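Below is one structure; the comments refer to it alone.
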Amino acid sequence: MSNPVIESPLEDDKKLGAEHVEFREQDVETGGGVHRRFNANHQMDDAAQLLAQAGGHVDVTEEDRKRVLRKIDLWVCVPMCIVYCIQSLDKGSITYAAVFNLQADTGLVGAQYSWLSSCGYFAQLVFQSTSAYALVVFPVKYWVLFNMVSWSIVTICTAAAKNFAGLLTARIFLGVFEATILPSFVLITQMWWTRREQSYRTIAYQISLSVAGIFGPLMAFGVGEGTSRTNSSILPYQGIFLFLGGVSLAFAPLIWWMLPNSPTTAKFLRNGNDRLIALERIRENNTGTKASTWKWDQFWEAMRDPKTWMWTAMFTAVACPSGGIGTFGGLITKGFGFNSFTTILMQIPTGVIGIIVLLSSIFITNRIKIRFIVICCLILPAIGGAIGLIYVPRNNIHGLMGCYYTLYFYPALQPMLYSWANLNAAGTTKRVVTTASLFVGQCVGNIVGPQVYLAKEAPYYHTGLYVDIGCWSTLFLLSASMGMYLKYLNRKKRDQRIALGLPGDLEDMSIMTTEEAAAYRTALTERLRQQGVDEAKLYEQAFDDMTDFENPTFMYVI
């Protein structure tokens, strides 16, 4: 007997009976337009194959879920935080070096310093397609580790650069090897945690950027102080590159030991049914874990999806200010009249502010469960801070520093957007392509950002600040529009489920708290029993590597 093809009928094809539904091979109409069908013989991902060997389903208690979650947080989230922190330190080394007279010591003139920041993102942009493909066909652990060791060595070698050409070469290679980390981490997050847990874990490793913002200036201060006082032959900027690159390389063995490839192969899940429990935990995501085959149909679906291009535009808008302020923030502060050592120390509160804002944002998001509202609220203080830096008198140092610190609401925007975007895509190849497109937008923004901070306008950089205000305003409008569009898509999904004989008014358990999800699951089970609907049908495609367009039970997060 051939496997049935399951799909949503078009308006002229409603052959639904009370006890039987006849499904034919045809296109599926979803909120994103007309897309290809899905069927019960859809190629399974690695998790589905493992679950099939175990009989397709494992009963999991709440105690089991929590126990396995603690293991996952230790063995997956901790190494991710470490890698992300040291990547940020290596990337930010150029900013610390600039405060300690990198430009004068290496003879940089005009926009050359800006290009040292932009060139790395050009490299990431070119390398992105290779990285996206590698994430599908190579074990993610070894791909991350290879790139981590490589960029650590590049950072160390940057100390040997004594002119623009040498620095440019080093920064290009740094961009190549750092290109894969954020897309890799988005994929890892989706493989290991439920959608309600993903926001917290994304914030956890994104907070490591703020941790780097605290310890990076302290380390740069120590290295700069040491090389200056000892009259060392090593210049302060060289010492910074050597030290930060060495720290990164020293952590490589720990990452090799801890970070797993996937739930289906993780060594720390060898005991009992822990591996199956880890998979059952994320079944309700309806996004799967990881398939090892590149699927061109999912690639083209991602290209046709309007969300892909909206996300890309949003990431361009958020990255442009990030690239500019991240590169020139220290020089802006130094322009207030501080010396190099004071300027470095004045950067420490930016990391503290970043942590507080991130934690507050995720707390509010999980309470109201509407992400676009929180994102829009984060944009407003950043706009206010930029306006203040333009118009507050230069003799008002406290006012200028207050405006500068207010800018640092903006670092919370990027992790919130990454979490939001990747909660709204399913299918391994489509998720990788979506993440790659976000990264392309981010690269474009980070390339442009430093270029609008004109050397001739130092230390005011008004053109750069005006561009940042425009980008944040655009992001505000795009975020609100995306929220409305996702609400529309959820209404289309509801109609699709009804046409298939499934409950239309489902709620997304994957973004509820544990207690809310347990209560809703109990009520839903009873309601489905009364309606004669098998609850398993709601999640039977969860590990079939289906896209969000194909899966009728997928729900978009607004």
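Just so you know, the numbers here start at 1 and follow the chain as drawn.
Backbone N, Cα and C define each Cβ position, glycine as well.
Per TrEMBL, transmembrane segment is recorded for 142-161, 173-193, 205-223, 235-259, 309-332, 344-364, 370-392, 404-421, 465-486.
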Contact check, the transmembrane segment (370-392) vs the transmembrane segment (173-193), 3+ Cβ pairs under 8 Å, seq sep 6+: no
Winner by Cβ pairs under 8 Å against the transmembrane segment (235-259), considering only 142-161, 173-193, 205-223, 465-486: 142-161
Contact call for the transmembrane segment (344-364) against the transmembrane segment (142-161), three or more Cβ pairs under 8 Å: no
Stretch-level contact, the transmembrane segment (309-332) and the transmembrane segment (465-486), CB cutoff 8 A, at least 3 pairs: yes
